[in-house]
Structure formats: structure tokens, C-alpha cells
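Single-structure report; data block below.
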Amino acid sequence: MAFCISYLGAVLPFSLSPRTKFAIFHNTSKHAAYKTCRWNIPRDVGSTPPPSKLHQALCLNAHSTSCMAELPMDYEGKIQGTRHLLHLKDENDPIESLIFVDATQRLGVNHHFQKEIEEILRKSYATMKSPSICKYHTLHDVSLFFCLMRQHGRYVSADVFNNFKGESGRFKEELKRDTRGLVELYEAAQLSFEGERILDEAENFSRQILHGNLASMEDNLRRSVGNKLRYPFHKSIARFTGINYDDDLGGMYEWGKTLRELALMDLQVERSVYQEELLQVSKWWNELGLYKKLTLARNRPFEFYMWSMVILTDYINLSEQRVELTKSVAFIYLIDDIFDVYGTLDELIIFTEAVNKWDYSATDTLPDNMKMCYMTLLDTINGTSQKIYEKYGHNPIDSLKTTWKSLCSAFLVEAKWSASGSLPSANEYLENEKVSSGVYVVLIHLFFLMGLGGTNRGSIELNDTRELMSSIAIIVRIWNDLGCAKNEHQNGKDGSYLDCYKKEHINLTAAQVHEHALELVAIEWKRLNKESFNLNHDSVSSFKQAALNFARMVPLMYSYDNNRRGPVLEEYVKFMLSD
């Protein structure tokens, strides 16, 4: 099932039903016996308007968009006014200054105040990092302090929460009445590392009490708490959660109105930029013309762009990077469709060999319907490498070629599993699907597009990010399979992680397998938290945030109601791209 969003005068289908492995193309797919649902966007052939129509709609909107020249005077004044408020709170009320910093992050305006925020956190860390000092503060204040410090690379021991336990070793009974503190404790627990048992206890305790109290809460509070339980800040996209946080601020602080106004101004600027970028992507896709040659492949430039937009949503100035990254995302889908729809096993072996050669002369060995895709892949990635070289002085083509070779090899493994008619072990599946998910391709391209890895940069190498990328790939893969498992067409032989794990544990129920998958996601988040924390260098902060956004985006992509639609993603898309 797909629903349509009216965007910029055009109707854009944004399909959210799981990408069916059997039902959609059972007569054309060469590999129906084994088909993963990658990134969960079905190829609903025929439902997407031709790119030329989308291009025209975007062009029309470009002329009707409100003039950006009207913004700067008031916009800059609002930024300066907020900066002044930050200074005042830092001097007069250290705890409220932390609440202020948290609010800027949740509303997505913190990028304006990096120096001020850093100074506030530095002072706060110097005075509160000791567990003995924290015992004089409330659960809310300690939890917020813990969150902010870990988010910004300052280590605070989880032992600070021992101050809120009684002699029994359990969290104190009176905390059950502290809704505000419990919500912040739940948020703090999302930043745990492996082995931090007290944070596991904190998450279970706070979640259980808050869920139990929801029914008795006043409507606005119930909605606020419910949203935070479902989408904790650390594992969500700030621009999305900020929709709800705007209501949470209410009239609690005199600076709330100022922050809301600044957030709305930011949103106006961002929408204009995103619309222009989508126009560029549409133009590139239309000129490429591959959708005319590969008529069964997914023809969805808007959806390709969504990944780049959300991953880099915190950095509006990285417009060139978003557009360039979208091209890589598009080719992940195109090559995926070649493996799923167009190629026999022998043809796919030849295609993989051609990618391994990375030479235009290999085009002659390919079937006609693969030649154009192969040549444009080489053109596009070689072009990306050249742009990176011109911008940063180093050429990453060898690394980029390697990641595309790995992706196609992983796709080929899937095709061979399909040809054999059997499921791999759960571990074999996960090791291969980490690669075939496309996560490594996206993040490695992003790594170099953001200027990292050059000989003169010195602070971080690509290999330093491998574990971080691995955890994100597993999170994406498992969430993808959990989303696909809700598809009514599933029959237990579709090649998901759940199917492979169930095959090895035949006594487990579907609910138990589902719970195991969620536990695996939780473990990988803890590893991701640690890897992210360890990559604590100014030069890598933007890449780290973008990589985390990749993992955070997954629940938005794969959150369904009973009708197999995605109300969460629909709301986010409309909010970010509609005037």
C-alpha cells in the first residue's frame, strides 16, 4: 500500500508498505526464493510520476517560494538575542542553562551556539562530574547532566545514579511520583554502554513506571510522555522530535518563545534549501535517463534524496554533500533492482566481475540491460571522487571502488543463496547483510564527502569508523527485517534475519524471535554509543552526528500502524518539506 503526499504542486507517492519479496514481482524476479527487503521501499512500478513532471513542479515552486532576502535582519537579531540569553543563564542559573542547552538541541537550533554551549558544558562538567556532588541534585537534573555530557564526549560514570537507590539496591520508591525525573532518567539510559547494568535497571524502572502511569496523566502530559517513551531524543531525529517538544516548553521558561521563533525561522531557511536540492536531484535523475532503460527499477528520486536529507539534517550548509550522497543512494537501489529483477545468476556473476574490474572495457561483457547502469555507475562515482579531490586535495577512488565491489559481492551471495533454495545461518546472514544493506556505501562516501581521510587531516582514518559503521548496519538491517515481518504476505521463507534465527531455534515462538531481534538492536546501540563516544575529535563531530542520524532514521522509515502505513514518516516528511 502506498499513500501520496502533495508536495510542491505534484503528487509524490511515498510507499511505506514492506518491500514484498514474493507478491510484487513474483513473475519477473529471478530470485524469489530468497529476497531481502532492503531499506523497505517497494518498487511500486507505475505509481511514480515521470521525473520530468516532478522537475516541472519543483521549478514552479522555486518561483513561488518566499524570498530569503527578507529573513536576515530579523533572523540575525533572533540569533543574537538567544545568544545573550544563554550567557545570562550560564552566569545566573547553571541548571537552567543546561535545560536551555537541551532545548536548543531538541528544537534543532543548537548549531548557532556551539561556542556558548561548549562553555556552559565545560563549567558544568567541572562542578558536577563527581558522584558525590551529584547526590545534592534532583533526579531530573542529574539525568539531564549525564545526557548532555555523554552526548558531547565528556565521560560521566553511571554510578551517579546510585544516589537514587535505597538500601535494598533498588531505585527509591518516592521516585515513582517524579514524572519529570523519570522521563529524563529514561532519556539518560539511552546513552548506555555495554556492561552498565545500572542504566539497564534505570531504563526498565523508568519505562515501567511511566507506562503504568500514562492512563492517569492529564492529556498533554500523557501525550508528551508517550512521545518520549516511543522516540527518546538520543535515538530519534531532533527535527522530528522537536515538533512535540515545542508543545512541551509551553510557558515554563521565558526564553521558550524566543527559541520557538528561531526554530521556525530555521525551518523556513531549511525548507527552501531542501526544495532547491530536490530540484537538483530531480534534474540529475531525469538527465541520467536510467529509469527509461530499466523500467522495472524503482523510479523514486524523492525517496533517494530522503536518506541524504535526514542523515545530514543537522548541517544545512552541507548542500553539495547531500546532493552528491543522493547519487550513491540511487545507485544502491538501481543495482539492487538489477540483482532482484533483471539478472540470471550467470549474468549477475558477470556484472559483479565487471564492477570488480572497474573498467569501461568490461561493458562489452554485460547484457544490454545492464550496460547503461554500469557505465553511469563508473561515471558517477569517478565524478564524485574528482569533486572530493578538487575540494579537499585527496582522491578516495580506491576506497569508493572497494565499497561498491563489496556491495555487489554481497548481492551476489544473496543470489546464490536464492539459487540454492536454502536459508543461511543467522550469523552468515547478518555478516553478509551488513554489507548488502548499503550502509557501508553511504557512510564511506559520506566520510570522504565531509573532507575526512586526507593525508593532511590526520585526526581520523576510515578504519577508525569500521565498528561504528558495523553497528549502524546491523541496526538498519534488523529494523528493516522487523518492518518486513509485519507484511501480511510473509510466509516464513523470505530470508530475513528472523527466518534464519527461527530455523536454528525451532522451539521459539514468533514473539520470542521478535524479542531476540529487539535485544540485538539494543546491544548494537550500546556498542554504537561507545564507538561514537570514542570518536571524540572536533574534526569528526559532523560525520559522527550524521552517522548516528542514519541509525536514528530507521524507526521513522519502518514504523507502521495496523494498515501498514507509516504515519510517523508521513508526519516528518510533511513537516520538513511542506510550507
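In case you wondered, yes, glycine gets a Cβ from its N, Cα and C as well.
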Exercise. Could you tell me which of the ranges 211-215, 336-340, 396-400 is annotated in Swiss-Prot as motif 'DDXXD motif'?
Key: 336-340
Exercise. Could you tally the C-beta atoms, other than its own, that fall within 10 angstroms of the C-beta of N480 (Mg(2+) 3 binding site)?
Key: 24
Practice problem: Find the average pLDDT over the motif 'DDXXD motif' (336-340) in the predicted model and report it. | Solution: 93
Exercise. Return the residue, from the listed glycosylation sites N317, N382, N507, with the maximum count of other C-beta atoms within 10 angstroms of its C-beta.
Key: N382
Self-check item: the motif 'DDXXD motif' (336-340) - residue tally per DSSP class, helix then strand then coil
Solution: 5 helix, 0 strand, 0 coil
Quiz item: Looking at the recorded positions N204, N317, D340, N382, N507, which has the shortest Cα distance to N480 (Mg(2+) 3 binding site)?
Solution: D340
